[in-house]
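Data first, discussion second: the structure below is written as structure tokens.
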């Protein structure tokens, strides 16, 4: 294989013609040529190891280029794992594109999208996404700012790379439960059936290990019709069990050519490895990811599905804690919410409730004793109001538990650190402090709704979002894109490369306006150390000094 075909050109081939059967008569593509339809881009670069492909556009709409192969790599050698696929344009425009099957498989047949004859969609004007449509990652810019990073806009293409009769799709759910999993499964199945006429869809039972350890489940619109009304996942899930070679062997043996993987950052890393192995073997298999994390800690995307439902359901626990707290003298309602590394659920639930007096999250270190500490604040609120409500994310304050230093090195099957129950520990510390040191009677009620929140069906907002995510993934896979995650960026559905989803975690920025709004709402202290006043060249500067472990400096 000695050529690359830019995926952005898949909807406009000058050498393709429709026939009466709505198929495209395809001719062999010249192995020395690449075709592009990127009118506004000045440079297109594909960062493949030991091979590159660059284009400088001329005045004509379509330009041809030759893609060179390094002499050290023979034409019969296995294709190497691709590096990020970047398109550079004027004004600092950068498109972080997603892989396409035509990048490593030559002479692919192309078909007309059956949506053009679908009565539900044929009435929509400009329904098909333009080949040049992209979505900016950063929406707020200055007038002289570069145009910045963009992602390919999701949606149906005029030309697709799979014959509907030949498609065998599979769906797998991995990791913990999250509201909306069944909705995503339902919409993938219904999207494939109703939009593209695909009749063979299988469900992988029990997560990644289900590829080689369990039988598949046949899925069709009748089977999945009502599953969105239930919590959990009808396919079952698990952590770990990722054996890349066995998984790809199973995909190959079963004749699967579209894989839809629903899971969090760890699951998406696994999906990326599966895609790389599929590409190495030269298989015509599209791998599409749907990001799932109830903590909302996946980067780039606006939010993850299930998050709105989790925040809404968390209100029930906070309301119960508030009722308990205000009904007793010196009542304290303590609610533990999900948030291993990111405190988004705790922060948004606190802002939505308005009954919370203090919110503790992993991103904001705090301390218990001394001036400005948690104990002092609790005592002040009890004297002012007679009760208080405290919300804590499960990952907050882990550094305060001396016993946790041993458990921090232990991980579960998904590679997540095993955390101790910091809320239970703080509950006991609060009781001991006020009963033994302050000689003050308190009534503390501890509520942990974690698994209740994870197991409920998704609300209306998340149901709509799950539909968009699922249908976008289906459109992308049918159009030949692979190695991508479907996600919402600035309110638009996009295709995001796997590496952008797995390179970091989304966390609350405690110097951001949203955290300032929370501090204003709760009137809680920031729990940073007392400011040290430094005189420097006639003016004062304040310094919040924290040690690496989040504790205050002894100074």
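A Cβ is built for glycine as well, from the same backbone N, Cα and C atoms used for every other residue.
Annotation source TrEMBL lists domain 'Phosphofructokinase' at 170-475.
Sequence annotations record features per position, and here TrEMBL assigns ATP binding site to 176, 239, 240, 264, 265, 266, 267.
Remark: residue 265 (ATP binding site) has 291, 293, 297, 298, 501, 502, 505 as non-local neighbours, by Cβ distance under 8 Å and separation of at least 6 in sequence. The Mg(2+) binding site annotation in TrEMBL covers 265.
Annotated site 'Important for substrate specificity' per TrEMBL: 266, in sequence order.
The Cβ neighbour count for residue 452 (substrate binding site), using a 10 Å radius and every protein chain shown, is 14. The feature substrate binding site is assigned by TrEMBL to 293, 294, 295, 338, 339, 340, 394, 451, 452, 453, 454.
Residues or ranges marked as active site, proton acceptor in TrEMBL: 295.
Reported as a whole number, the C-alpha separation between residue 267 (ATP binding site) and residue 454 (substrate binding site) equals 18 Å. If you check the binding-site residues 176, 240, 266 against residue 454 (substrate binding site), the ones with a Cα inside 10 Å of its Cα are 176.
For the binding-site residues 176, 240, 264, the greatest number of Cβ atoms within 10 Å around a candidate Cβ is found at 264.
Looking just at the domain 'Phosphofructokinase' (170-475), the mean pLDDT is 91.
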